[in-house]
Each structure stands twice: as C-alpha cells, then as structure tokens.
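Asks: As annotated in TrEMBL:
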COMPBIAS  66-75  compositional bias 'Low complexity'
COMPBIAS  76-97  compositional bias 'Basic residues'
COMPBIAS  98-108  compositional bias 'Basic and acidic residues'
DOMAIN    4-62  domain 'Tudor'
REGION    52-108  region 'Disordered'
TRANSMEM  208-230  transmembrane segment
TRANSMEM  255-276  transmembrane segment
TRANSMEM  297-316  transmembrane segment
TRANSMEM  328-345  transmembrane segment
TRANSMEM  456-476  transmembrane segment
TRANSMEM  482-501  transmembrane segment
TRANSMEM  522-543  transmembrane segment
TRANSMEM  563-582  transmembrane segment
Amino acid sequence: MPNQKFADGEVVMGRWPGSVLYYEVQVTSYDDVSHLYTVKYKDGTELQLKESDIRSQSSFKHRKSQSSSSSPSRRSTSRSRSRSPGRPAKGRRRSSSQRREHKDDKKKTIQETNLALLVLVCLFCKPSENNTRRYNGEPDSTERNDTSCVILEQKLKPDLEIERVLEQYSLRPRKEEKKKEEIYSEKKIFETIKTIEKAASKTKELEFGGRIGTFVLIFFLPAAVFYLLLMCRQDDPSLMNFPPPLPALESLWEARVFGVFLLWFFLQALFSLLPIGKIVEGLPLSNGRKLQYRINGFYAFILTAAAIGTLLYFQFELHYLYDHFMQFAVSAAAFSVGLSIYLYIRSLKAPEEELAPGGNSGYFVYDFFTGHELNPRIGSFDLKYFCELRPGLIGWVVINLAMLLAEMKIYNQSTPSLSMILVNSFQLLYVVDALWNEEAILTTMDITHDGFGFMLAFGDLVWVPFVYSLQAFYLVGHPTAISWPVAAAITVLNCIGYYIFRSANSQKNNFRRNPADPKLAYLKFIPTATGKGLLVTGWWGFVRHPNYLGDIIMALAWSLPCGFNHILPYFYVIYFICLLVHREARDEYHCKQKYGLAWERYCQRVPYRIFPYIY
C-alpha cells in the first residue's frame, strides 16, 4: 500500500482538472482506498486529486528562480531591444536576427493572450459533477458551463483570426500599436467576462413544471381557493358532491368589500412604517450590500388587536367577514393579480444584480409567477417582506375571530364551541410566534432566493388568510362537539408539535448567530468550505428538517377538532405535507450544491429527512 506523500494541512500546488494550470491548495484528507487527496482551493472549492496532480511549492519556486536568471547575451538583447526605435531608420534594413527577435516577441504576446484566455476558460467552464472530481461550492449547472463556453468561443474567434493573420504575414506593429493592442485585448477580456456573468446569472433549472406548469398554476390556485370555500358552504361537503353550486357572478364582487380590503392593507402598511422596533440587516446580496428591515410585526399585531377591540366595543358586527367571505376572497385575488403585474413591470427596469436567482429565466410566464425582482422596494418600504407577515398572517387571526363570533350568533350561543376555541387558540399561537420571531424570516428562502411575483403575492394575500382559516370556516357551517378528554389529547399533540418546531428553529438560529456560544457547546457539527457548520446533534441530528416535522404535527392538531365526518378540514394537512416535501426536496438540492462533500457526510450521519424511520 503506497504511503501518503503529502500530509494533512500541507500547502501544495494542485492542478486544476482538465487544464495545465496549478493553484495553491491545502490538503484536507487522504483516502487510503482510492488513493485520492481531498484538497481545498483558496475560494473554498474542494476537489479530489491524484498524487500525480499535486506538486510541492518548492519545485515551482525552483523553476521560477531558474527562469528569472537569464543569460548575459539575453539580457544584452533585451537592452538593445528597449533602445531600438519603433521602426528602422531611413535607409537601413533590419537584420535577420532583429526580425527573429521581433517575431519571437510577437509570439510571446500571442502566447500571453492565449494564456489569459485559457484562464478564463478554466474559470467559467469548469468540468461538471459528472467527471471524476467532486465539486463543493455554489450551485453551478452543466448547462450554465456549456453556455459560457459557447459565448467565450464566439466572442474571441475574431481576435484569434487576427492573431493568425499577423503571425502568417509577419506584420510588425509599432510600439504604440502594440500598446493599443494590449489595452484592446484587456478590454475585450473584461467585456467577455461581463457577458459570461450576465448569461450565467440566468435561471437554468425551472421549478413547478417550467413555463407550462406555472401557466397552469396561475389559474389553478385561485380556482382551488374558490372550490374549497364553496364546498364548505354546502350542507354536505363531500367530495362526491362535485361540482359545488356556483353563485351568480355579480354576487362575487362588491365595491364596498374591496374598499374594506384596501383599508386593511394600507392600515397594516402604516403600522409597518411606524418608527417603533429595532432595525436589523438582512443577509448579504450578490453585490455584497445588506438591506435594512424594521422589526415591528408584533407591535403591529398589538395595534391591530386594539383597533379590533375598539370596533367590537362600539358594536361593530365583525361577522360581516363571514357573510361576505367569498367577496373578500375575490377582492384579495384581484388585488394580488394587480400587484403582481405592477411588480413584473417595475422589475424590467431593475439592475441585473437585483433580480431573483430563481426568477430570471427570460420567460415571461415563469418570471411573472416566481417573481423577477428579489427585493422590490418603494423607498425603504420592502413590499415582499411586508406581505410575508402583515396583511395575510394577521388577517388570518382576524378571520378566525370573525368565524368564532359568527358561530355564536348563528347558533345563539353565549360562548363559542370547544372545537372553535381549540382552532382559534392553536392558530393564534402559531401567528404570535411568527411575529415574535420575525427576524428569523430574513434567512428563509422566500426572502433570500425567491423573487416577489404572483406566487408569493397570491400566497401571502389570498392563500394564507382564506385557506389556513378553513377549519374555522368549516366549523361555522358544520359544528362538531368534542369531549374534554379528546380536547386535552389534541392540545397535548399541538404542544408537542409546537415544541419541536420552536426548539428546532431556535437551535438553528442561535447556532448561526454565534457558533462559539458556550451554551451551544454540547452541539456537534460538520464544518463546510463556506465557513458554516452542519449540526449533527440536537434536533438537527434527529432528522434533517425537524421544523417541518413540528409543522405537520401542528397542522394535524388544527384539523382534529373538526371531527372525521368529511376529509375537507384535513385538506390543510395534505397540502402542508405536499408543500413541505417540495420545500425539503428544494432544500436538499441547494444544500448539496452549496456544501458538497460536507452535505454528503451529513446525510450519512442523519439519514431521515422529515419523519424518523419513515422518510
């Protein structure tokens, strides 16, 4: 068995696969079975190289010293060349040695230019993961590499033709012309880099079924919301009763209802602009800039509760929401479509670095759905961040309260039913927790990766308030009585789910903020090339996404008070499982691209994704 020639931690020179260029690397480990060295480049890239592709730094320094010590005759030649004019004096012809020297100088210039171009090819056309190496870095698809190579070849082909003609006919430019050629060559290289970076920033891998899938979802999502609400209105909301009776089109729209919705939206916008709460910075953008956010969602919730309490004190009938529930849903959907159109139009003028990584495909339908601009702002007012937590999430609680009051009025009850109390309490806890931990949303993919388009606008303003309140809406038309022992068991289940959800998220957020915190000394993690660590103990050593597990358990607890007469109240559980499985698959892909070998080791340590011993 061959011995390990280079020690762990030793700094050596490693050859980049597919090229003749060597770069400074550090040996991290050695595999006795495959006899491959795992090395880390200065930019954090980790590769596995053969021993023949690694050389010591001393050998490179020795070669450099030899090449720098030129012979006396060569030094004298360079001095005579520097004193010679740009062209021969009148009446004199250059000797054959001078012509050879000038030709050699021209070849040297061409070789240096080709070397620079070779470096560009290595930087932008790295081999994909299908080769024998293993790449650890940011997401970089094979399609992106191929496109970059084609662009590079097309851009540089005219320059290579010019160099070939100059070499063939021994055209000798003057010194000034040579200087201009060098400047032009450098300018051409930088222009090529800019063109390649612009092409590489395009979204290559489309989600949600691509252009066709997103086109279908633009119409399917509103239809699904209206279908669920119409089914809840029926006396027998069975799946066999399809389609539900459709109301008259004129009954779905009322200007007064739309005005109330606008008043609600702009009231929440006003609360978010109040100078209360701390200001924090988000994660760095692609250009290194960090946006600032005011954290005052919980204060906005308190002000909203005070406003609702004042309306109830003056005997305002809040069950007006229940009586015009479909009209409110239509108003919210119409507003979200208008907002999505505005967002796409303004994104067309946004700089390239402000576009969303996942919504810059160049296809109108796909970019309109997923969101073209990452953080659209009007001054300091961030539209996406505002819609994520304010009008929809707080509106969810207000709708639940309206359903509770409607149940009491319809059935002449002095107190709401136990089922309605459980649904309102569980979901109120979830919303208050999200607003209290508002800062944690700044690290989610909705903020850091997804643009603000129809998907998030419709989801925040329509899907969250009108689908998440489905259990409360169902209980108004289909009251369900449960005993106290059953209510206690459901409460325990919800508490278990909430504990897993909150403790897992807190564990992750605390570790991200300060991994050296003595309180977190018991946690073990796998270091990565990005400088971050992957937790392998605690909740994140139990399953890869324990927060999703807590979400699903809570969703089940929210549906159980509705009984088992119909499957409709459990739509939220089914939807939530599908949503989280999709998010989990997307997280798995991005983490594998980002962390590389470290993520593979993490998956070996933590084999289960969401459900222990199942999935």
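For all residues, glycine too, the Cβ spot is worked out from N, Cα and C.
Unlike curated entries, TrEMBL annotations are predicted automatically.
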Asks: Excluding the flanking five residues on each side, which residues at least 6 beyond the ends of the transmembrane segment (255-276) place their CB within less than 8 Å of a CB in that stretch?
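Replies: For the transmembrane segment (255-276), the nonlocal Cβ contacts are 294, 296-297, 299-300, 303-304, 307, 324, 327-328, 331-332, 334-335, 381, 386, 390-391, 394-395, 461.
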Asks: For the transmembrane segment (482-501), could you work out the same-chain residues 6 or more beyond its ends whose Cβ comes under 8 Å from its Cβ atoms?
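Replies: Distal contacts: 418-419, 422, 426, 429-430, 433, 539, 546-547, 549-558, 560-561, 563.
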Asks: Where DSSP helix means H, G or I and strand means E or B, what are the helix, strand and coil counts for the domain 'Tudor' (4-62)?
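Replies: Secondary-structure composition of the domain 'Tudor' (4-62): 9 helix, 27 strand, 23 coil.
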Asks: Which residues of the same chain, at least 6 past either end of the transmembrane segment (456-476), have a Cβ under 8 Å from a Cβ in it?
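Replies: Contacts of the transmembrane segment (456-476) (Cβ under 8 Å, skipping residues fewer than 6 from its ends): 221-222, 225, 228-229, 232, 237, 265, 322, 325, 328-329, 332-333, 335-337, 339-340, 343, 371, 384, 387-388, 391-393, 395-396, 399-400, 403-404, 406-407, 410, 417, 419-420, 423-424, 427, 446, 450, 558-559, 561-562, 566, 568-569, 571-572, 575.
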Asks: For the transmembrane segment (297-316), could you work out the same-chain residues 6 or more beyond its ends whose Cβ comes under 8 Å from its Cβ atoms?
Replies: 267-268, 271-272, 274, 276-277, 389-390, 394, 397-398, 401, 431-432, 434-436, 438
